[in-house]
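First the structure, in the form of structure tokens, and then the observations on it.
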Number of protein chains: 4
Amino acid sequence: MSGNTFGNLFAVTNFGESHGPAIGCVIDGCPPGMALSEADIQGDLDRRRPGTSRHVTQRNEPDAVEILSGVYEGKTTGTPICLLIKNTDQRSKDYGNILDTFRPGHADYTYLHKYGLRDPRGGGRSSARLTAPMVAAGAVAKKWLFEKYGTTFRGCMAQIGEAMIPFESWEHVANNPFFAPVADVSNLENYMDALRKAGDSCGARIRVVASGVPVGLGEPLFDKLDADIAFAMMGINAVKGVEIGAGFASVTQRGTTHGDSLSPEGFMSNNAGGVLGGISTGQDLEVSIAIKPTSSIITPRQSIDTAGNPAEVVTKGRHDPCVGIRATPIAEAMLALVVMEHALRQRAQCGDVKVSTPDIMRSRG
Amino acid sequence: MSGNTFGNLFAVTNFGESHGPAIGCVIDGCPPGMALSEADIQGDLDRRRPGTSRHVTQRNEPDAVEILSGVYEGKTTGTPICLLIKNTDQRSKDYGNILDTFRPGHADYTYLHKYGLRDPRGGGRSSARLTAPMVAAGAVAKKWLFEKYGTTFRGCMAQIGEAMIPFESWEHVANNPFFAPVADVSNLENYMDALRKAGDSCGARIRVVASGVPVGLGEPLFDKLDADIAFAMMGINAVKGVEIGAGFASVTQRGTTHGDSLSPEGFMSNNAGGVLGGISTGQDLEVSIAIKPTSSIITPRQSIDTAGNPAEVVTKGRHDPCVGIRATPIAEAMLALVVMEHALRQRAQCGDVKVSTPDIMRSRG
Amino acid sequence: MSGNTFGNLFAVTNFGESHGPAIGCVIDGCPPGMALSEADIQGDLDRRRPGTSRHVTQRNEPDAVEILSGVYEGKTTGTPICLLIKNTDQRSKDYGNILDTFRPGHADYTYLHKYGLRDPRGGGRSSARLTAPMVAAGAVAKKWLFEKYGTTFRGCMAQIGEAMIPFESWEHVANNPFFAPVADVSNLENYMDALRKAGDSCGARIRVVASGVPVGLGEPLFDKLDADIAFAMMGINAVKGVEIGAGFASVTQRGTTHGDSLSPEGFMSNNAGGVLGGISTGQDLEVSIAIKPTSSIITPRQSIDTAGNPAEVVTKGRHDPCVGIRATPIAEAMLALVVMEHALRQRAQCGDVKVSTPDIMRSRG
Amino acid sequence: MSGNTFGNLFAVTNFGESHGPAIGCVIDGCPPGMALSEADIQGDLDRRRPGTSRHVTQRNEPDAVEILSGVYEGKTTGTPICLLIKNTDQRSKDYGNILDTFRPGHADYTYLHKYGLRDPRGGGRSSARLTAPMVAAGAVAKKWLFEKYGTTFRGCMAQIGEAMIPFESWEHVANNPFFAPVADVSNLENYMDALRKAGDSCGARIRVVASGVPVGLGEPLFDKLDADIAFAMMGINAVKGVEIGAGFASVTQRGTTHGDSLSPEGFMSNNAGGVLGGISTGQDLEVSIAIKPTSSIITPRQSIDTAGNPAEVVTKGRHDPCVGIRATPIAEAMLALVVMEHALRQRAQCGDVKVSTPDIMRSRG
């Protein structure tokens, strides 16, 4: 209700601030009997964590996860799983100069107006650091969905600033710091180096795909699968747009081309992005998101202070010049949480979940 | 939980099918003491209802709303408001030929796989007709928000198929069947006439704006105001994409241009679309949505029947060649429901709601 | 959230007022594919309806239920089931004299203070008439649970005022107007006749039992099965106390007697009332509730008017001298709704529901 | 949904097991700006903690609470407050002999049937130890309610086994290990000493009272204030019965005596227990609960093992012979959480909360 719990049947309650003692989450509703250890979670956290290349924030956080509850003798018990990640590298002094001004494009302004006070250390609760517990929770969901239905989740970078990134292969994604599905990322490296030198930041576009999704997931009117995906994606820090399947391209499509034809072997295209009428078709879920440029930049900006007087704002500290770069594992995790929630709902209402058959053609992958 | 209730504090539970005896909703959580009659609701329903021009479905429904509960002597009592809309024009015979085939791009396929059975009359529960009760509920929210905070909601058509529609003035919107903000819609009429003659359908892009939004609405982590907007919009039938503020254009923006600067008079642009860190800034909420082409078209399509055999599908009946045309009041209503919900949440947690001061510049309006 | 929806996975949203045009409910989450018609529901409504004997209110309401949605060709579709009951006999004039005074023991006082206004006709929303839609929803839950697991729900009167009613047999319950499990109810008839003549009202104690309950239903910490039962029962108008199993008698029990021993054939007693640690054991759920005397009586009472001045209050109109009499089917329905909700939750989290084996001994039945 | 979160607007998510590394909770929805430190919480935890007298379990736990998030510079920020309590004294070996048998009256049986596995160490998740985080959360709610409305919460022991405890004064409660409102507790000490010597356990009855409760709290139909109180109380480990106001005594009352008359100075009695029609009257909330005897006793009991064979069960380890003794602060905390939730709901729907005027007479205090 106050916005810190995601999901209902697989409910993840997130807590912590960027510079407090710890961040974490409590997962309520994980089915019992699944093998689970920290090692199952740490991998995705490592993909998201800062300090792994010169293109992301240099904050050095191991982001080591601890399981505090809900697992007994290596198996989930069906009771709440508390995951704790201690904060180890908080340099609050870097933020001293923004205590009483508002960064353009930042949540400083709205937090203060909403609550009447705010924690300025590293953005406090508005920090993208709070996505780490979601990546951890998503890893738990991914594991259950894979073991149960063979569902997998993959994401990649589709565009950094003006640089469009063609899709070559999923295999390249793990081999470069950009999650780019291409063999050669030298142009991206040059782009980012120039940007950083300019003291500026840029946006990005991420593509996320779930494969092996059961058919029949999603509620038809409001908790449509695609509506929940949009909710999950737009809830990631800095996201400004979400597309399912053909997305905005469907505006100029005709009904004769947009509607995915069927043959006895399955769907023949995937403009739907795996969702019809709010319910999964069993095809790949195809999601695309737009991420805005980081608001914390060292170039001076025109703003005001909390008294309403003009002020020039410069953000020091260690920031990502393109927050989109580390967003890929986050988007995967959020998509996994949505699918997990709806798989459990489907079990509740309809008693079982049907694993989909492979479709013969996937439009965009 | 099963997807037919929207909101928590201002909770709207929707029921009915396209060809059943009635559709409607129950609003739970409307504050007491507001004057309310059917006349306050009927106006928006009339804007959405079918049969008003040759460019929309010719189904003839008065969509007359009845208030069954929650109002006493012309005022809301704080108890559930049941709104009932009787179905009067159901010609089920038109749908006979699609009983056992799947229309490409339609929810036929997923409903059957989810539930094991479906109501084929007019799409049953998947019909866009079910947006009517939401328009009715949105009218109640709009009225309360306007009386309390002066908030207003407006929408207009931004694009039909390839036809981009420049923004001239809000005043034109009510004067043409397309909700287009332009004086001359002859090109749109020609476009739609040609499309209808071709037996095809097309997509659309809608823009929705809320003005006079209180500052501080939205929960920071998951129930972000923009995340809830994305959820609400993607939940409208046929929507495939959602943008807030600069949306996908922010991918190619720099931090120095995207972040909206502030002066003592307010924000100097609105790339944020009125939301920072998931919380309203007090600026206009700027939302853009992509609507896919109608799947029910008379051009034959390749598909399968429920036994998995190849089948050619032709949809007769009375359908909108561009469902986007009637979507404007729906999108306004859903936006109003989101703002209403968050206004009540803000009262709950922070005790009051602050009416925003006018901003000096609005980027896109 | 505003208190008019019961349950989450089997969510029943209730609407209407005693003297408005209609009352009803929307059931969201009913599994698809169950045969359902008005006849399946009307039976329980008839057991609850007024005017069936001289011992209950003489208001004459057929309480005929209509299914407005969610059923297609005689089967539930998995979409919302709207049940409507029209009000036909509203004599508002009877209430004229209580418009601006507070009946002792009545919700008049609290509604006015909560909402700032109230609907005085027949108690408006606070009327026990609003239990009718719950009885209807409960009938749907009962049917599903019986068909799926063989679960049954029975209730009977255990005490009317000072008159204790021994348990003879469930067979008698349907044969007298008191739901009393005894063959001879002449003493109860005399008791009620004298009470009515005295212009007074009395309390009652009801016992409700569910048999054939699956084992493993209930969440262990907060949504314990017994906690939800207590919530459901205390939510029935006029209920002031709830017991599970041994209830208040457990205060004076020893651990050696209270704890139900087990043998290979099952539990050997049922002090637990079918719940251990918040989870069903598979034994009978045993619930007992205390119902206060009706507050609307014709004997003059000392009170105040809305201006705070002393006033004598006499309630005319047609009231039950013992609201407990019609409460038996209501309590059964609420118990069925709780079990239904938890059966669906168990399917969601643990994947299946285990039908319990018969226990060898049932302590109180 | 899976039963580990209490409340919606003031939502407390509980995690941990009796013998895991830590237990705790996350409070989501605490209003911003309230001064809060560990010291505000520790007091109530100390009242509940074990090992404080020979009459309770000898497990030695400091139950020291740490605030991990949600407080900045000594004030709540409006974001989630994570409270952590480390487990320090876990002697799992004591439980070895109950690994594969079921204790009569214990959740062993139901956990295994529900989840297919269980954590036997100290009862795992079913341990009363999990009430500690609720006491901590309740302390936060108490503080806010007291500062905002002057509301206070008090509880006392009303009966231990057969020993009725007359109410003398609230002042005595803190001066004896039984929370008894009497000056001389020698008879209770003798009673408990004899019980312990007999290797048995006994039940108890607790009374909890909230004073200075705002008028108008509670939703009228399902989330009635008293229904939520019943839910909260029945959710406390070992509770088998709940009464509001006159409770079961109302069965034998007449309408002329039960209904609390009003004079210009206020209510003249409190049979209602502070709730009419599910909404607070502003009088004291009067709640009474029955607590069953501890199931873990050293006297041998007849049971079965997990293979279904007969087995004799003896529970060693350190257990409370009367779990009711430490239940008083728990019941106070749960009552505070209910009132807190409804105060926030009332702010949401009705915009403000009215502090009640003192009533001239309180029936039972």
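Including glycine, each Cβ sits where the backbone N, Cα and C put it.
Within 10 Å of the C-beta of A:Arg48 (NADP(+) binding site) we count 24 further C-beta atoms, all protein chains included. DSSP assigns A:Arg48 (NADP(+) binding site) to a helix. The NADP(+) binding site annotation in Swiss-Prot covers A:Arg48, A:Arg54 and rests on sequence analysis.
Residues annotated as FMN binding site in Swiss-Prot: A:Arg125, A:Ser126, A:Ser127, A:Asn237, A:Ala238, A:Gly277, A:Lys292, A:Pro293, A:Thr294, A:Ser295, A:Ser296, A:Arg318. Listed in sequence order, A:Glu17, A:Ser18, A:Asn237 are the same-chain residues six or more apart from A:Ser127 (FMN binding site) with CB atoms under 8 A from its CB.
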Cα-Cα distance linking A:Arg54 (NADP(+) binding site) and A:Ser296 (FMN binding site), given in Å to the nearest integer: 17
Of the binding-site residues listed as A:Arg125, A:Ala238, A:Lys292, A:Thr294, the one whose CA lies nearest the CA of A:Arg54 (NADP(+) binding site): A:Thr294
Cα-to-Cα gap, A:Arg48 (NADP(+) binding site) vs A:Arg125 (FMN binding site), nearest whole Å: 18
Binding-site residues near chain B, Cβ-Cβ under 8 Å, from A:Arg48, A:Arg125, A:Ser127, A:Lys292, A:Thr294: A:Arg125, A:Lys292, A:Thr294
Cβ neighbour count within 10 Å of A:Thr294 (FMN binding site): 26
Number of other Cβ atoms within 10 Å of the Cβ of A:Arg54 (NADP(+) binding site) across all protein chains: 12
Chain D, Cβ under 8 Å: which of the binding-site residues A:Arg125, A:Ser127, A:Ala238 qualify: A:Arg125
Cβ-Cβ neighbours of A:Ser296 (FMN binding site) (radius 10 Å): 27
All-chain count of other Cβ atoms within 10 Å of A:Lys292 (FMN binding site): 30
Other CB atoms, at most 10 A from the CB of A:Ala238 (FMN binding site): 24
Under 8 Å by Cβ from A:Arg125 (FMN binding site), counting only residues of that chain that are 6 or more apart: A:Gly16, A:Glu17, A:Ser18, A:Tyr111, A:Asp119
